[in-house]
Each structure stands twice: as C-alpha cells, then as structure tokens.
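Q: Pasting a structure below so you can have a look.
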Amino acid sequence: MRRLWTGDYYNEGNGKDDIFDKLKEECGVFGVFGHPDAATLSYYGLHALQHRGEESAGICTSDNGVFHYHRGMGLVKEVFDRDHMESMPGDRSIGHVRYSTAGESKLANAQPLVFKYRGGDLAVATNGNIVNAPQIRRDLESKGSIFQTTSDTEVIAHLIARSPKELVEAVKDAFAQLVGGFAFLIMTNDRLLAASDPHGLRPLVLGRLGEGYILASETCAFETIGASYLRDVQPGEILVLDKDGLHEERYAPLERRAVCAMEYIYFARPDSDINGINLHASRKRMGQQLAVEAFVDADIVTGVPDSSISAAIGYAEQTGISYELGLIKNKYTGRTFIQPSQELREKGVKMKLSAVRKVVEGKRVVMIDDSIVRGTTSRRIVNLLREAGALEVHVRITSPPFANPCFYGIDTPDRRDLIASSKTIEEIREAINADSLYFLSKPGLIESIGGHEDALNRGLCLGCFDNDYPTQVDFEDAKIGCGCD
Ligand code: SF4
C-alpha cells in the first residue's frame, strides 16, 4: 500500500459538550410540464429530494388550467396518500420539500404557495433566500399589500400580481428587483416558469421524460423517475414552458457565477451532478486533497455518514490507509431538533449515530467530516469514537473553516455561534477533543470541485468561508438563512 509522509499534527486537549449542530439543508423543488402523470412523478421526484427538506412537502397540479394541491407537515411519504394523489390530476405540476428552523414550523409556509391574481391562478415554489425581501415586503405593505405568510415566496407573488405587464414580463421585472440566491418554479393556468438567480447560487436542472419536461433541484430526482438530463438552468435565466414548448429567455445578465460550494461539500446527494460535476467524485477529490495537505499516520479512515463517506474513500485511496465503517447512521430515528430538552437532544444524537466498537477499538482513526459549525456535533462524534475504544481521533474537514453566516438559503447560526469565527484551529481542535484537526484549504477545495476555469473561485460561492459574498448583503435587515419561513 502506498503511504504518504507523516506530517506534524496537534496532539492534546479537551473541551466542553453541547448540542446537535449540523447545517440544515434548504429546500427542494420539482416541476413537470406535459406529462400525464405529473402528480405521481412529483411525488417520486420530491422523495428523491427529501434530504433537502424534511419539514413539509407540497404538490400543486394543473389540469386544463384548474389547480389541485395538497400540502402538509412532515416527510413526503407522510404528507401524501393514495387519495391525495388521485385528487391531483393534470399534466403539469410543481412540488416542494422544505426545511424550516426549529420552532418556525408552520403549515402556512409550506409550499407551493397558491395565489389568485388578475391573470388567474399562480403557484410558486422556491429554494433559497431573497436577501432584500424584508425591504421589498415593507415597501409593498406601505402600498397596501397584505401578506399571509412570512415566506419570501409571497413577496415574489405580490410583485408579479402588482405588475401591469403580461406574465412573463411581470416575472422578469419582479426577479430583477431581487437580491439573493434562489431557484424558482412558477405555475400559472397555462404555463410553467423556472428561473435561477443571476449568480446561479442554488442548483436547478432541466430534463426530459417522454414528451414532457422535468425541472428539479438535483439530477438525482431524474434518475428516480427515469428522466434524462438536458442541462442546468443558467444564472439569470428564465425558462418558459407553454403549449408551444420551451422558450429560453433571460431576466438578468450573468453576473459573477457563484454556485454554493456547500452543495458540493455537503447538501446535494452524491449521485447528483451540478453543472456536470458529480458530487461523489468531487467529494472523493476533496478527501484525496485532504490527504495531500494533511496526512496523518493512522490505522483506519472513517467518514461521518452520509455526506463524508465519499471523501473518506478518497482519503483512504490517496493514503493507502484502509477505509472502514467506523460510524453508522441510524436512518430510522426522528429528527433530533424537535426534542425539547438538551438532555433529550443529546440522546437523539446518539440515536442517530453509533461508533462500531469492533472496527475502531484500539485503532488510530482518521475521521473525515464536511464542516464544523458550532463544534458540538464534532465533539460528540469524536467522543463516540473514543468511548468505543479509538486510541487517537484525527479530524479532517473537507471545507475551510465555516466562519460566516449564509444569506442564500442555508440555515446557519449567528456569526458569534460559529466556532470558527472566534477560535483558532488549535482552539477548535481542543474544543472538539481531537488529537489533530485540519480544514481543507480554499485552493484545495476549489481545485477538488473543478468548475469554470475563467470565473472567480472557478464559479463557486465561498462566502461562509472567506466572507466574500457574490451579492450585496449589507441591507438593513438582511435575512440570514432560508427565505421559506
Ligand atoms: S455563503 Fe456558503 S452556504 Fe451560503 S451559498 Fe455561499 S457557499 Fe453556500
């Protein structure tokens, strides 16, 4: 087996324990135009996108211009039954899965949101966040608009409804006022529109199934329903589907191309491709690059499931240290953030993840993870490995330190709660109780993902790592996180 050099690494310390702190996925959208099984396809498509939001789900179909919809709290399989599916005929649909912060669970915010406007019905589903939504909302309210939800989606609906122009031009005008990272699906009685923000921060892909068109947040949804991939929706682009087929238009020039790097690192499913780059392959390259940048002599490599397994395989391949399943995720537990007390939350985390004693006992373990947010989860996982008998735990992270909040749809804590915003690497290592800690370098991350050679950061947003955001974010009350609640 090929081994790399043994470099310097930290080897001391302890810290204090706290709560579950993984970053939260934003939302997933799925659309169908021109297929007789629109509702069923949406069900399976949303099921494939479930990792992007477990809080609520919804589907709205259009049957000869008549809307039918159902939304509910919970997983896709919990929200829809056979009766719901049979009550949603039609050959076009939009659907949504949503994540919301704990305590903000409201059915009123479940999407798609459906409105009446002077041109008929309008259903809207979105992924991401409009940074200047509070300002637009205040402005609209001062002009008489009444809002029923706290969702950004309603802001765009009001902008469209107030415009005197025909629908597509009204949507273009509305989008031109928005600052943020978003992917939108809008369905009217006779059309389906899809749009990406001018930086392409949130992924949105176009596919084909039979005579119909499919739109989805990730290509994994295409695989599930047997659709073929056509292309990614481009930054600033708006696609219009109507009885005459597909029309490709723009509402804004391409600004700095900046796909969310965390989609590659953590959020998207490993079997998805974003801009032609497969997630599993890019995560493997991150693991290989970590090995090059921060090799440590060890007996086994393990990845924190599920997002870090690909990177752990890459680290193992690069170093020759064997990859082992040192950590197992229990997929059948409830979501820990709904547990009311700290004590129960801590039990919840253990319910979610277990160390495999027979694998890690007496071993020097390299543990690969995608990010450290508050540091509490990392510490808990390191301690799980230690309690199961690991001799040493060396933590390798496939992203640079996450030191800044996200304004584009990722639910991040306040800056002061991000451990990397105030602590040195050595202090973080101490806090998570690791023997050594290394974060992938920014150039190493960019190189591992690949992407557009001629764009800044090869077309990636790295704002939460380098505080250099692709849009203006210093609005008076710019919202952090997701705009769907
Ligand atoms: S700030 Fe970070 S999480 Fe937010 S879009 Fe940019 S890379 Fe993604």
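Backbone N, Cα and C atoms are what each Cβ position is placed from, and that goes for glycine too.
Nobody curates TrEMBL annotations by hand; they come from automatic prediction.
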Q: Among S307, S310, S436, which is the one TrEMBL gives for the Mg(2+) site where D369, D370 also bind?
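A: For the Mg(2+) site that includes D369, D370, TrEMBL also lists S307.
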Q: Using the CB centroid of S307, D369, D370 as the Mg(2+) site centre, which other residues of the same chain sit with their CB within 8 A?
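A: Along the chain, the qualifying residues are I265, Y266, G303, V304, S308, A311, I368, S371, I397, T398.
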Q: Have a look at the recorded positions (C27, C406, C461, C464) and report the one with the fewest Cβ neighbours inside 10 Å.
A: C406
Q: Using Cα coordinates, what distance in whole Å links C461 ([4Fe-4S] cluster binding site) and D370 (Mg(2+) binding site)?
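A: Checking the Cα atoms of C461 ([4Fe-4S] cluster binding site) and D370 (Mg(2+) binding site) gives a distance of 16 Å.
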Q: Measuring Cα to Cα, tell me the gap between S307 (Mg(2+) binding site) and C260 ([4Fe-4S] cluster binding site) in whole angstrom.
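A: That separation, Cα to Cα, works out to 16 Å.
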Q: Around the [4Fe-4S] cluster site (C260, C406, C461, C464), what further same-chain residues have their C-beta within 8 angstroms of the site's C-beta centre?
A: G181, L201, A261, M262, F407, Y408, I410, L462, G463
Q: If one measures from the C-alpha of D370 (Mg(2+) binding site) to the C-alpha of C27 (active site, nucleophile), what distance in angstrom results, rounded to a whole number?
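A: Per the Cα atoms, D370 (Mg(2+) binding site) and C27 (active site, nucleophile) stand 19 Å apart.
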Q: Between C406 ([4Fe-4S] cluster binding site) and C27 (active site, nucleophile), how far is it from one CA atom to the other, in Å?
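A: So the Cα of C27 (active site, nucleophile) lies 14 Å away from that of C406 ([4Fe-4S] cluster binding site).
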